[in-house]
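These come from TrEMBL:
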DOMAIN    B:29-139  domain 'PurM-like N-terminal'
BINDING   B:Asp31, B:Thr46, B:Asp76  Mg(2+) 4 binding site
BINDING   B:Asp31, B:Asp76, B:Asp212  Mg(2+) 3 binding site
BINDING   B:Asp48, B:Asp76  Mg(2+) 2 binding site
BINDING   B:Asp48, B:Asp123  Mg(2+) 1 binding site
BINDING   B:His55, B:Asp266, B:Tyr324  substrate binding site
BINDING   B:Gly122, B:Asp123, B:Arg147, B:Ser214  ATP binding site
BINDING   B:Asp215  Mg(2+) 5 binding site
There are 2 protein chains.
Amino acid sequence: MNEFALIEHFFADPAAHEPTPPWLRLGIGDDAALLVEESGWETVITCDTLVEGRHFLAGTDPEALGWKALAVNLSDLAAMGAVPTGFLLALTLPEADEAWLTAFARGLFACARRHGARLIGGDTTRGPRALTITALGRVPAGEAILRSGVREGDDVWVSGRPGRAALGLAVRFGELSPNLPGAGEWLAALDRPEPRLALGRRLRRLAHAMLDVSDGLLGDLRHLLERSAPPLLTAEIEVARLPLAPLIAGGAPPERARTALLAGGDDYELLFTAAPESRDRIILLGKELDLPLSRIGRIVSTEQPPIVLIEPDGRRTLPEVLGYDHFRP
Amino acid sequence: MNEFALIEHFFADPAAHEPTPPWLRLGIGDDAALLVEESGWETVITCDTLVEGRHFLAGTDPEALGWKALAVNLSDLAAMGAVPTGFLLALTLPEADEAWLTAFARGLFACARRHGARLIGGDTTRGPRALTITALGRVPAGEAILRSGVREGDDVWVSGRPGRAALGLAVRFGELSPNLPGAGEWLAALDRPEPRLALGRRLRRLAHAMLDVSDGLLGDLRHLLERSAPPLLTAEIEVARLPLAPLIAGGAPPERARTALLAGGDDYELLFTAAPESRDRIILLGKELDLPLSRIGRIVSTEQPPIVLIEPDGRRTLPEVLGYDHFRP
C-alpha cells in the first residue's frame, strides 16, 4: 500500500460524513486546511512530539498511544481555557503495519470524538516511530488563561490526582506490584490521560494563571512562576494539603507517593492560581464536574526561592526534584 | 544545557523585539500560542515532516536544512494563495549539538525573515533526528486556490525550472559531475528552494486550481486531477512546451533532464490551471515577478487516462514514472 492510500485508508476522518462545523472550511486533502476566522475569537495552537523509546516504549499498545498523543495536546488547549477544533497528525513509521495503524487510529479517533476535535491534515513519512500532533482550539478574545497571570496572594490549585501516571509507570516497569489496589487506575492514568477541557473552559475569568502538569507538579509550578512579572513570587506548598491519601490508599509507599505527586510527569492535570475570594466558586465547580480540586498552597512575595514546601510538622523545606527534562540522558 | 535552556537559547525568535504583528496575540512560552481572528479571513494551516535518512542525509548542512524545512511548508501556503503568519517547530535531535543548532537556527530564521513568518511555538525532544514544521497563513475568505478547481479547457502552467532539485541530487550522489555548468544552480534549488509565495498570492481569482510540486510534476498533476469533480478530466502535456532547454543547457543529458522535470520531486514550484483567457495576464505576472511561467498543456474531458504526454513528433504516450512515494522502500 503506498503512502497516499495509507493515509486515506487509516486516517479517513470518521467524522467526515457529519455536518461540517462552522469553523472548518476545508479539511484533509489539499495543500493545507482552511479555518474560518471570526472577530472576537482567538485561535489557540500547540504541538507536541512523542518519540518511541523516549516518550513511549517500543511495543506500547498503539490504541493507547493514539489516544494519548492527542490527549496531551488537547491538555495544552485545556490549560489555556480553549475549546478544541481541529488537529494535524505528522506520523513517522518504520513500516506501514496495518494492525498497528488500525489500533492507533482507533485510539486517536476515540479521543478526538470524545473531545470534539477534528482531523484536518497531516503528513505520513517513513522513519523511526514518532508522531507530532498540532492541535487547534478557540477561546473568546482576551479570555485565554496565561502562565503569566500569577498574582501575590493567589491560592495554588491542582486538579485530579497527580502522581498516578508516575505510579503507573512504576507498575509497568515492575517496581510496584500490579496487584496493588490502585494499580489499574494508575495504569489508566498513564495510558489514557483525560485532558481537563471542561475544567479549563470553566476557569476562564476565574483562574489568574494556569498550565497543565506534564513534567511534574513542582517543575511546572516553577515554569508558572518564571513567567510572572516582577516582583519575584514564591509558591508555598502545604504538604498536608496535597492529595496524597488516595495514592497511599491505592498501595503506594508514602515516600514514593510523595515523589510521584510532586515530581512525576505525564498526569496532564491542571495547575492554576486564583484569588482566595474565588474559593467557593472553585469548590462548587469541582463538584459540578465531579473532579477533585485541591487547594495546595499560596503565592507570596518574598526573597525566598521560587518554591517552598511546608511540611505537615511546620518545617519549611526546599524541594529537590523539579521535573523531567527530555534532554537529560 | 537542559531542554528549556536549549529552546530559549537557539529558538529565541530574532524578530521578538520587533513590533508584534496584528495577528499575533501570544507567541512562544505558554501552553499554546494565540492568534487573533478577524472576520473575512481564513487561517491556512499545513505541516510537513523531514526525517534524517529519508528526506535529508545524515551530515546535511544544518543551515540548508533549517531553510528547507520551513520553505517546504511555506510552499504549501503559497499553493493556497496564502500569506504566511507564524510557524511551530517540533525538533527531535539525538543530542544538543551547539554547532548544529546554531547553523540550523540561522537557516531557519533566514527563511522566516525573508518570507515574513514568525516562530510562535514548538517542542524539542530527544530521539532520531527529524523535524515537523506546522506553518500558518491567511487568505481572504473564499479566495484560497484549491486543488479541486480544475476545469475542462483550462491551460496547465508550471512555475520556474522544475527538475533542478532532482539534478542537484544526482550531482550530490556523484551521478552527474559537479563541474557541469548547471550544477551550482541545481544544488541551490535542492538545498534552498524558494517558496513561490508572491506568485501564489497574485494568482488568487486567476488560477482555478493549484498545488506545489513536491513529489514530481506528473505525480502531483495526477493528485490535482484526482481532486476534480466528475466528469473525469485528462491533462494533455505537450513535451515541446516543457522548460527542458535550460536543464540541457546546464549540461544535463536530455533523457535525464526529462525524467528530472517530469518525475523529480523537491522543486516546490507551483503547478496550476487557468482559463485560456487569462494567458496574457499570467505572462505579464511572470514578467513582473521575474519568474518563468510555462504553459505546458491543457485539460480535456475524455475517456483517456489522467495524463497523456504529447511528444514533439505528435505521438501520444502515457507516462510511467509518476512520483515519489515516501513509503516505498
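Placement of Cβ uses the backbone N, Cα and C atoms for every residue, glycine included.
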Per residue, counting other C-beta atoms within 10 angstroms of the C-beta, which of the binding-site residues B:Thr46, B:Ser214 reaches the highest number? B:Thr46
For B:Asp123 (Mg(2+) 1 binding site), what residues in its own chain, 6 or more apart in sequence, show a Cβ-Cβ distance under 8 Å? B:Leu88, B:Leu89, B:Ala90, B:Leu91
Just counting, how many other CB atoms are there within 10 A of the CB of B:Asp76 (Mg(2+) 4 binding site)? 27
Binding-site residues, contacting chain A; criterion Cβ under 8 Å; candidates B:Thr46, B:Asp76, B:Gly122, B:Arg147, B:Asp266: B:Thr46, B:Asp76, B:Gly122, B:Arg147
Once DSSP output is merged into helix, strand and coil, B:Asp76 (Mg(2+) 4 binding site) belongs to helix
For B:Asp48 (Mg(2+) 2 binding site), the same-chain residues 6+ apart in sequence with C-beta under 8 angstroms from its C-beta are B:Ala69, B:Val72, B:Asn73, B:Asp76, B:Thr132, B:Ile133
Can you figure out which of B:Gly122, B:Asp212, B:Asp215 (the binding-site residues) comes closest in space to B:His55 (substrate binding site), comparing Cα atoms? B:Asp215
Using DSSP, what's the helix, strand and coil tally for the domain 'PurM-like N-terminal' (B:29-139)? 35 helix, 47 strand, 29 coil
Note the mean pLDDT of the domain 'PurM-like N-terminal' (B:29-139), expressed as a whole number. 94
Looking only at the binding-site residues B:Asp31, B:Thr46, B:Asp266, B:Gly122 (ATP binding site) has its closest CA neighbour at B:Asp31
Rounded Cα distance in angstrom between B:Arg147 (ATP binding site) and B:Asp212 (Mg(2+) 3 binding site) is 10
Output, ordered by sequence, the same-chain residues six or more apart from B:Asp266 (substrate binding site) with a CB under 8 Å from its CB, or 'none'. B:Ala165, B:Ala166, B:Leu169, B:Leu190, B:Pro193, B:Ser214
Between B:Thr46 (Mg(2+) 4 binding site) and the residue listed as 'Mg(2+) 5 binding site', what is the CA-CA distance rounded to a whole number of Å? 16
Tell me, by DSSP, whether B:Asp212 (Mg(2+) 3 binding site) is helix, strand or coil? strand
Whole-number Å value for how far B:Asp212 (Mg(2+) 3 binding site) lies from B:Asp31 (Mg(2+) 4 binding site) (Cα to Cα): 32
